[in-house]
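Reviewing the structure listed below.
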Amino acid sequence: MRVSLSSLQRFFSSPLPIKQIIEACDHIGIETEVETLLTCSFSSIITAKVLKTVPHPNADKLVVATLFDGQQEYQIVCGAPNCRPGIIIPLALPGAKLHDHEGNAYTIKKSKLRGVESQGMCCGADELGFAHLQTTERGLFEFPENTPLGESACALLADTFIECSLTPNLGHCASLLGLAREITYVTNVDLVLPPEFVCTPLETITKETSGQDQHLCPIFCCVKISGVSAQASPQELQNALGGLKQKSINSIVDITNYIMLSLGQPLHVYDANAVDIDSLHAQKAQKDEPLKLLNNEEVLVPQGTAIICDKDHTVGLAGVMGSLDSSFNDATTEIILEAAYFLPSAIRASQTHVPIHSEAAYRFTRGIDPNNVLPALYAAIHYIQKLFPNAKVSPIQVLGSTPQASTLSFRTELVGKILGMPLHASQVRDQLHSLGFNISSEENSILSVNIPSYRHDIQEEIDLVEEVCRTQPWKVENKKAPAIYSPMYSLKRRVVDFLANSGLQQFFTCDLLDTETAALNREEADCISLQGSKQATVLRDSLLPGLLKSTATNLNRQAPYVHAFEVGTTYTKKSSKYQETQSLGIILSGQAEEISWISHERPLSFYSIKGWIERLFQYLHVSSQAYAIQPYEHANFHPYQQAEIHLHKHVLGRFGTLHPQLCKKAQIKHSVFFAELSLDSLLHTQKKALHLYKPYPIYPSSFRDITLTVHESVPADSLRKKLLSFHSKWLESVSIISIYQNKNPTTQNKNVSLRLVFQDKERTLSNQEIEEEHERLLAMLNAQINDTKGTID
């Protein structure tokens, strides 16, 4: 949203420096950028009044004008169509430097045009660098009638503009009034309404229409005004709209736009001859129907979409845009002016079905002030009557009523608890009151807070805490220890910190997937309807589709490799209800590392993804004896390169090489290795034990290697864990050295070589002690290996 500083200052009881305004916006959470337009010379371009004009003797399209700057007269040859006696315009004197439409500089000089001397040049706003104030092509800029003569034209036109980036929760700031109101909360000025918006109430008639949908539109107002026309707006109104980045159209439309940009209430104008005011109302479309809009675009309005209609036909998309057939045009002399409050959810749904965006829709989707509907309509009517003194205004027809303001219970001690410092209830109460919140009652430090009608973002108690915190410049030193994070939050932080610091890139993908991306997962996903999107309709039950799509995008853009992870929410459906699970996904593809003079090309493998899981478990102090890797079968993975992880008899996740057909479907030429773990399961199975660091051993260790013949279906890791389960006091570790399997298809056995490391913490073991312990462990292991099948009992 772009606002001019001069327009914004009119809403303050006293002017504020631009620096203080920017600091206030930053304090309340509004990002701003400042632009100052001052592009021309101060002294050489002045204000002057056209006294008279006569036709040029040698040119049909030129006139010879006499201008007066308050002290002397000038003869100027001018070709602007609006050059006429009585107007005050910018006059560029000899020596003034201007720029043409291509940005090239030129200097004004005395010259003769078709034989007549010209002592300068009459200027348009665009020629002075103020293109936003230019309302007509090749026209002169017209100052108000009370503009002093001989003053610097550039000084009068120069202004500072503030570009505000509003977050969705700050819809109440999408107007000069709303922005000024927020700024006054953190400054020492009061909010005031400019005179044109302070109006006496007009006559209203409350009506009932059978088709009016109160849930869609709680209050709907319209008024008939006759004796108007599509004449051009006064220069003052055109300048005001130009400062708000709005193009002037005609007087009636300009008034409605000015009210919307100033007060935040969208208005719409109909041709009274095309609309029946007595049956005009808001409802949902009963069937699909075509509609041609003001922008000449023909759309199909689906059944259930919010519309405005009378007894005969549809005249507009509610809260978005009117129809072309019912619009105000050059021949209109009688209008119907509409002001209403639509529920934000209804207009958001309409924009989903009919994606037409407008300034009105921008405000309605974020929520406007329902209590401002009638005051804004009063202001528009008074402005129209000012421009058209003979206009006749009928009583305002009101359908419905203003919705009641909501009330929240608020514990004052919650602010101190969140801030981590003591805070008196009176401080909280006074701060809320200064922000426009009325306290209806107070009991035991619990306030009953009435929410202002324009604050649609205040829904819960914590929102009130945020209001107090964001607008109050607290400067109290907090010596209290920070609050303890939830176990899941702490676990996620540890996982993210480790993986990111270890070299993986963190990805963020959307929880909702389009059908094409969701198809990358070979499991069936549950589809849901979402009003915010036509494409993203599948709620993910795995991180795989999003990560796979992101990997394909990066590899197709010539990234040498993708080593990435994501921590996010997945959704499973149990008993017709969705259950949220916090999951970790790791994906590897491409090269193992970037090729350089010191490194060679090394391919990734199944063991690369397995190594990341093991390093993560080691970082999280998950003992290697606590988890088991078991065979697994899933359509997403390569049939012989996948495994499932069990931790304390709970399924923790799965990992492996993705199926080549799946990679081909994702348009990835490289092998892809993927792991997905449930952080919920990991959190629930982790033991809260004190992890102690051990010093390096001072006594030497010894190792013995053994080779066992077992059935090919026996996991090698099960032999390692079986040896560790015997609880030998000297057995320090067991590791797998090699696995050999004969290529002969008739052979169903394999050889597994293990290394056993023996060590005592208090002395050096003798060879005899090591041999005896080694033989004992080997005998115990052989006793559990089935001699006929080679399996472990």
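Keep in mind that glycine also has a Cβ here, set from the backbone N, Cα and C atoms.
Note that the structure is a prediction, hence the values are computed from the model and not measured.
Annotated Mg(2+) binding in Swiss-Prot involves ASP463, GLU466, GLU467 plus, out of the candidates ASP457, ASP497, the residue ASP457.
Apart from ASP457, ASP463, GLU466, GLU467, the residues listed for Mg(2+), the same chain places the Cβ atoms of ASN169, ARG455, ILE458, ILE462, LEU464, VAL465, ARG470 within 8 Å of the centroid of those Cβ atoms.
Here the Cβ of ASP457 (Mg(2+) binding site) has 17 other Cβ atoms within 10 Å, regardless of which shown protein chain they belong to.
Long-range Cβ contacts of GLU467 (Mg(2+) binding site) within its own chain (separation 6+, distance under 8 Å): LEU432, LEU435, PHE437, ILE458. Summarising the environment of GLU466 (Mg(2+) binding site), the number of other Cβ atoms within 10 Å of its Cβ, over all protein chains shown, is 16. Neighbour list (ASP463 (Mg(2+) binding site), Cβ cut-off 8 Å, at least 6 residues apart, same chain): ASP457.
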